[in-house]
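Q: To start, I am sharing the structure in question, which I have written as C-alpha cells.
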Amino acid sequence: MKLGRVRNIVVVAGAGISTGSGIPDFRTPGTGLYANLAKYDIPYPEAIFNIDYFSDNPHPFFSLAKELYPGHHRPNYVHYFIRMLHQKGLLLRMYTQNIDGLEKLCGIPDDKLVEAHGSFATAACHLCYTPYPAEEAKQAIMKGNVPICTFCAGAVKPNVVFFGEDLPEKYFQHAEDFPKADLLMIMGTSLKIEPFASLVNTVKSTVPRLLLNRDPVGPFERRPLRRADYMELGDLSDSVRKLAEILGWHTEIQDLMNSHENGLRSYTDPSNSSGTAASKQEFQPPQNSNKCLWSATKNPNILLLRCV
Ligand code: APR
C-alpha cells in the first residue's frame, strides 16, 4: 500500500467492525446476539432471522428490530479507516454483512458499498415483495404493531435479508469486483454464512488476503496459511489503528472522524438573521479547534458553539 502498488482494495466485513460502536456481534460467546435471545422464546437463535419462521410468527423479529433499527449508534475508527481507503482512491468496493447502516453514516458512498444482507433503509411485503414506505413500517414496528401489505395483507418487514431469502441484486457485482481486486481485507467476520463467506476465495490466488479479526476464521484456520495470506489477530480497533499508523494515516483518520461526527451536530451561527435556534444537543468542542465561543440563544435550553 505504501509503495502505491495497490489500487483496487476489496473489503469484506462483518459484525466485528461494529462492536467498537457498542453493537454486539452475533456469535461471540456470552456477548453475541445469538447468546442473548432467550426472552424471545424461539426454537433456535437464527430462527429470529428465518423467513419461514417469520411467516408463522413475525413477533420475535419485530421486538428485536426495535433494538436493531439504526439511529442509536455511531461509526467507529474502523469504519473511518475504510472511508479513508475510499478518500485515497484505493477502495474498489466494500462488501458488508452488517445491517446497522454505519458504513453509510461514516460517509462511504453508495456506489462503493454492497450491503449483502440488506438494510433497514427500505421495506416490502415478505410474501409479494410489494414495496412499503420504510418509515411507516418502522413507526408501526416501534409501536408493537405488524405492518400489513396493502396488496396481499402479508406482513411487511424491513429489507434485511433473512435466511432463506435471496441476496440483493447489487451483491452479484462481486463477479466483477473480486477478480479485479489487488488486495482483499477481511474484517470482523466469522465467515460462517454462505454464500457471502465464499467470496474470499474468488480473488486471484496471487492476491494478498489480510484477515483482521480476533481469531482465525474460514481459510485462515488452515495451516500452513496460503502463501499470500496474512492475519493480524486481536482487537480490530487496535489492529486497524496499527495499520493506519504504519501507513501514516492515523491523524488524518482521527480528523476525518472528528469533523464528520461533530459536523453532524447541526447548529446555526448566532449572527444568523433567521435566528433559527439549534436543535438541543450536548456539544463536545471539536478537537484541535482554535477557538470556540459558547453563546446563549433566545432559548435558555440551548447553547451555541461556534468554532473559528
Ligand atoms: N475485534 C476483533 N474481532 C472481533 C471484534 C473485535 N472488537 N468483535 C468481534 N470480532 C470477531 C468475532 O471474534 C467473530 O470472529 O468478529 C467476528 C464476528 O462474527 P459473527 O458474530 O458471526 O458476525 P458475522 O460474521 O458478521 O455474521 C455473519 O451471520 O447471522 C448471520 O446475517 C447474520 O450477517 C450476519 C452473518
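From the backbone N, Cα and C atoms, a Cβ is placed for every residue, glycine too.
Relevant sequence annotations retrieved from TrEMBL are reproduced here:
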type	residues	note
DOMAIN	1-250	domain 'Deacetylase sirtuin-type'
BINDING	15-19, 25-27, 97-100, 189-190, 213-215	NAD(+) binding site
ACT_SITE	H117	active site, proton acceptor
BINDING	C125, C128, C149, C152	Zn(2+) binding site
REGION	263-291	region 'Disordered'
COMPBIAS	268-291	compositional bias 'Polar residues'
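Walk me through where these features lie, including what they touch and how far apart they are.
A: Within 10 Å of the C-beta atom of R214 (NAD(+) binding site) sit 16 other C-beta atoms, taking all shown protein chains into account.
Counting every protein chain shown, the number of other Cβ atoms lying within 10 Å of the Cβ of H117 (active site, proton acceptor) is 21.
In the three-state DSSP reading, C128 (Zn(2+) binding site) counts as coil.
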Q: How many Å separate the Cα atoms of T189 (NAD(+) binding site) and H117 (active site, proton acceptor)?
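A: On Cα coordinates alone, these residues lie 13 Å apart.
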Q: What is the total of other Cβ atoms whose distance to the Cβ of C149 (Zn(2+) binding site) is within 10 Å?
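A: Step by step: centre on the Cβ of C149 (Zn(2+) binding site), count other Cβ atoms within 10 Å, giving 18.
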Q: When neighbour density is defined as the number of other C-beta atoms within 10 angstroms of a residue's C-beta, which of the binding-site residues C125, C152 has the lowest density?
A: C152
Q: Take the mean position of the Cβ atoms of C125, C128, C149, C152, the recorded Zn(2+) site. Which other residues of that chain put their Cβ within 8 Å of it?
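A: Residues close to the Zn(2+) site, other than C125, C128, C149, C152: A124, H126, L127, Y129, T130, T150, F151, A153, G154, V156.
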Q: Select, from S18, C125, C152, each of the binding-site residues with a Cβ positioned under 6 A from at least one atom of ligand 1; if none does, say none.
A: none
